[in-house]
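Engineer: One structure is given below, represented as structure tokens, and several questions about it will come after.
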Amino acid sequence: MITLKEALKLSKDELENFKNDLKAKIEANPELNAYIDIYNIGDGVPIAIKDNIQVKDWSVTSGSNILQGYIAPYNATVIEKMLSAGLSPFGRTNMDEFAMGSTTESSFYGKTLNPHNKDCVPGGSSGGSAAAVGAGLAIAALGSDTGGSIRQPASFCGIVGMKPTYGRVSRYGLGAYASSLDQIGPMTQNVEDAAILYDIISGHDEKDSTSAHKNDKVSDKLNPNRKIRIAVLPKHIQNASEDVKKAYELAINALKKVGHEIVEAELMDAKFDISAYYITATAEATTNLARYDGIRYGNRVVGKDLNDTFVQTRSQGFGDEVKRRILLGNFVLSSGYYEAYYVKAQKTRHLIKDQYSKIFENVDLILSPVAPTTANKFGELSTPMEMYLSDLYTISVNLAGLPAISVPISKSSEGMPIGLQLIANAYDEQTLFDGALSLEREINYNA
């Protein structure tokens, strides 16, 4: 597969031929189920788009039955920026319903397979985007990351996945899960492509009140030879598998070899991250998903009266995991429990942000696992709690609003990809990409 950097240099005719060949290749591999639809419109470089990002005149459903029949009437800001830069949305990729999941098993369209082992999950919620890039069925893709939904599937599928600083990329046109945590980001074959796509989609947007007034670009200033001070977390990785620990040691040695300074640091117990994240995310999801009632748009189940129509539409339209999180969100916001749960979660969130601020007073980057294990087999995570714990290493980054990037490092004893993440201080994407490019070149991962 050609890279994004190479594709941007192709002529119009060369691109057209490439896109037709790519479409044929995708149609010849339907079992992967990475794509929901292939549109192949426009004459720009084709980019796969997660099914929760609005593309005008496309069916956009967030992987849910409740949005069947909805056609997007406008483009998300990231799509407008792509079109202006010579990129074209190519097809919509599968995802966990409303981005609530870590395996892409909860999609209305069925599960997506991991391109490295069809018995394993691709990760989630951006599993379709990760599988498409990992299988050579996309040059690059857009995903969204609420608690690791770009980085974890990128790690599982052996690609690069980047979550920008909160506010760096406009959320206008993104189907909201948890508004204070969501971010759109690039999923690519390599770090340089991620920097290029990040530059294209980032920047201030008046349509998003949380958008940052920062428009600096990184791809034309990449410097893998820059010496960086990087924190490692020896205690934090104790819950990781032996394969992940070996990959972590491999990355540390690679960073030392090229002259980066390695220092030890410590984060608070991750159990506090998980509690704060799921209380915050489900509370916000409860509000965001209240709009889906079958009246204004999407799938409607007609009941005996208006109230019954609401009940039947939401009961039949939402999947089990979405219902579970709506119930949890309503509980933590309810009278008598708001102070005990939601308020404490926000206090914990401030502590998480403060601990990162203190670490970044002395270092430029933090090296961390993305997931405790490699991709699990389908059905292996038998309880919701097991799935939630798989987000152990990613969710604190979203709670603190920081940028992070997953870079493929090695493979497990069973041949499954292992990615690690670099985390930077807020708005320091330049250092993040410089460090990631340096690590990528020294590791020289071969998918």
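Residue numbers in this text run from 1 along the chain shown.
Quick reminder: no glycine exception, Cβ is built from N, Cα and C everywhere.
On a predicted model such as this, the values are computed, not experimentally measured, just so you know.
Marked as active site, charge relay system by Swiss-Prot: Lys50, Ser125. The active site, acyl-ester intermediate annotation in Swiss-Prot covers Ser149.
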Engineer: Cα-Cα separation of Lys50 (active site, charge relay system) and Ser125 (active site, charge relay system), in Å?
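Structural biologist: Just about 9 Å between their Cα atoms.
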Engineer: Tell me the Cβ neighbour count for Ser125 (active site, charge relay system), meaning other Cβ atoms within 10 Å of its Cβ, over all protein chains shown.
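Structural biologist: So the Cβ neighbour count for Ser125 (active site, charge relay system) comes to 36.
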Engineer: Rank the active-site residues Lys50, Ser149 by how many other Cβ atoms lie within 10 Å of each Cβ and give me the one with the fewest.
Structural biologist: Lys50
Engineer: Taking DSSP as the reference, which of helix, strand or coil describes Ser125 (active site, charge relay system)?
Structural biologist: coil
Engineer: Looking only at C-alpha atoms, tell me how far Ser125 (active site, charge relay system) is from Ser149 (active site, acyl-ester intermediate), rounded to the nearest Å.
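Structural biologist: Between the Cα atoms of Ser125 (active site, charge relay system) and Ser149 (active site, acyl-ester intermediate), the distance comes to 5 Å.
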